[in-house]
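Step one of this worksheet: look at the structure below.
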Ligand SMILES: Nc1ncnc2c1ncn2[C@@H]1O[C@H](COP(=O)(O)OP(=O)(O)OP(=O)(O)O)[C@@H](O)[C@H]1O
Ligand SMILES: [Mg+2]
């Protein structure tokens with residue numbers, strides 16, 4: 001194991017966050033606060049309760065998930081895309097590090113950022129609405145698993161993308177709609193039965209549901225289903241990454 | 001001691017179908033400076049990239065200090081420092097951080113004293129806190145060299161290390177490279193400045209269209225392929241060569257003003273004395289004479305021309 005190599009990647013990625021602190025931390029916090037003002041206060045004052053929880057508190061887990069998914073994907077994809085783009089990836093590929101070490105360095109850093117961000121947003125939310133966390137351990141588990149899984153997805157996108165436009169495409173066209181349609185701002189039993197069925201095909205529903213369960217003890221789907229979907233997603237992403245490095249896809253001509 | 005680099009039957013066909021390397025066999029001895037010469041597109045960078053693990057070979061085996069560069073990639077790569085041809089770097093990092101990062105990436109414990117030595121030897125010490133984006137092209141190239149040296153490699157690849165570096169610094173870099181060789185580092189360099197190869201290399205390999213067409217000791221190469229020519233400026237122009245001189249490898253210049261005599265420096269008897277004697281007998285007088293020795297450049301150009 002080249003632990004030092006892995007740590008070097010991790011540290012340099014975290015240093016990049018510090019250099020771009022404003023966009024990495026401040027802007028998601030700001031936009032979450034805006035969500036609270038608009039959805040939580042303005043709309044929430046008309047919708048009193050969902051599943052026995054005040055609307056403002058109800059949307060907290062969904063909002064955190066929204067930020068977690070989009071930030072994990074964008075951080076991790078940019079992290080690996082930039083060295084590819086600038087050519088400095090030659091160093092990574094010629095160094096005595098295994099692909100798992102490279103992945104752990106990049107994905108670990110992106111996930112750390114997202115987790116930190118999730119906790120900051122949680123703290124921010126606490127300023128707006130009273131929070132309760134029924135199952136802190138599960139809350140953290142979901143936070144960490146989701147951050148890693150979607151950072152892995154971002155890493156894959158960063159390797160696949162051939163230009164900045166494509167880099168933006170997936171988060172914009174896939175992640176954001178899936179999250180908004182994933183029960184972030186509503187409970188899926190508020191939908192007509194047909195759309196409930198469709199929604200169950202959306203993996204984000206399971207993430208949000210599991211996460212919300214860890215807060216309030218209620219979810220749209222069972223905890224086991226939520227966990228299974230996260231783990232399955234993680235396994236698929238890992239398989240893709242390992243294929244990428246074995247075949248050299250987009251990395252080695 | 002195994003050779004620093006041993007390449008066997010290496011071929012590379014890119015996804016486009018273009019065959020960039022064809023059956024390369026090459027050994028680089030530990031501790032030597034090996035210069036890889038070849039025209040643009042010959043496959044120098046491709047060969048280096050395959051050895052360093054940046055390009056997947058289509059077939060063939062690469063051993064680095066006896067370690068297979070794919071199966072035993074950690075051991076192989078840990079020994080190699082690579083300075084790529086293209087200027088690439090993490091624009092927003094400082095020189096110091098970028099070079100320290102390289103050392104960490106290769107699994108070496110931090111050693112600020114070593115990094116300082118490397119930066120000083122490459123005249124980068126003053127710039128250590130500058131962001132890479134603020135450096136000139138030649139400085140960026142030196143940063144790439146510093147990064148490669150940061151992890152104390154025993155084999156160093158320099159893909160056109162002095163492209164875009166001014167003359168004075170080029171000399172300084174040669175000194176650095178010589179210093180490395182003194183300390184036992186094997187160096188493989190590609191260059192388009194033949195004088196560089198002439199000055200530095202112990203052995204020379206010429207690659208063309210993806211094939212190694214020659215590997216030779218520099219000294220031997222310059223002696224065996226090196227030719228000298230003696231030019232005699234004539235007092236009176238000649239219309240044709242006198243018959244008595246037809247046995248000599250003499251050519252008359254187009255204007256008839258000069259005679260050119262070509263000979264191998266290696267030959268025991270160059271025939272100069274006899275030739276001059278014949279000239280005297282024929283009453284041909286000359287006002288001046290000079291000799292020229294072919295440089296590595298001439299040798300190289302001839303080689304590449306002879307192997308179309
Ligand atoms: N990724 C690639 N896909 C397809 N062809 C490639 C690729 N990389 C290089 N080539 C081709 O392989 C050949 C050898 O290229 P290479 O870069 O090894 O040449 P070189 O000897 O380093 O040339 P130069 O002196 O210009 O640096 C060229 O014809 C080049 O176009
Ligand atoms: Mg090249």
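Glycine too: its Cβ is placed from the backbone N, Cα and C atoms.
Any TrEMBL annotation is an automated prediction that lacks curation.
Looking at A:74-95, A:140-161, the range tied to transmembrane segment in TrEMBL is A:140-161.
Sequence-distant contacts of the transmembrane segment (A:140-161) (same chain, six or more residues past either end, CB-CB distance under 8 Å): 64-65, 68-69, 72-81, 84, 103, 106-107, 110-112, 114-115, 118-119, 167, 169-171, 175, 207, 210-211, 214, 226, 230-231, 233-234, 237-238, 240-241, 244, 249-251.
A Cβ distance under 8 Å defines the sequence-distant neighbours of the transmembrane segment (A:167-186), meaning residues of its chain 6+ beyond its ends; these are 39, 50, 59, 62-63, 65-66, 69-70, 73-74, 77-78, 81, 150, 157-158, 161, 199, 202-205, 207-209, 212, 220.
When the stretches A:115-133, A:198-215, A:221-245 are ranked by Cβ pairs under 8 Å to the transmembrane segment (A:21-44), first place goes to A:115-133. Beyond the ends of the transmembrane segment (A:50-69), by six or more residues, the same chain brings 28, 31-32, 35-36, 39-41, 43-44, 114, 117-118, 121-122, 125, 128-132, 143, 146-147, 150, 175, 179-180, 182-187, 190, 204, 207-208, 211-212, 214-216, 218 to within a C-beta distance below 8 angstroms of the stretch. Tertiary neighbourhood of the transmembrane segment (A:198-215): same-chain residues 57-58, 60-62, 64-65, 69, 131-136, 138-139, 141-143, 146, 178-179, 181-184, 188, 191, 221, 223, 225-230, 233, selected by CB-CB distance under 8 Å and a gap of 6+ residues from either end.
Long-range contacts of the transmembrane segment (A:115-133) within its own chain (CB-CB distance under 8 A, at least 6 residues past either end) are made by residues 24-25, 28-29, 32-33, 36, 40-41, 54, 56-57, 60, 63-64, 67-68, 71, 139, 143-144, 147, 214-216.
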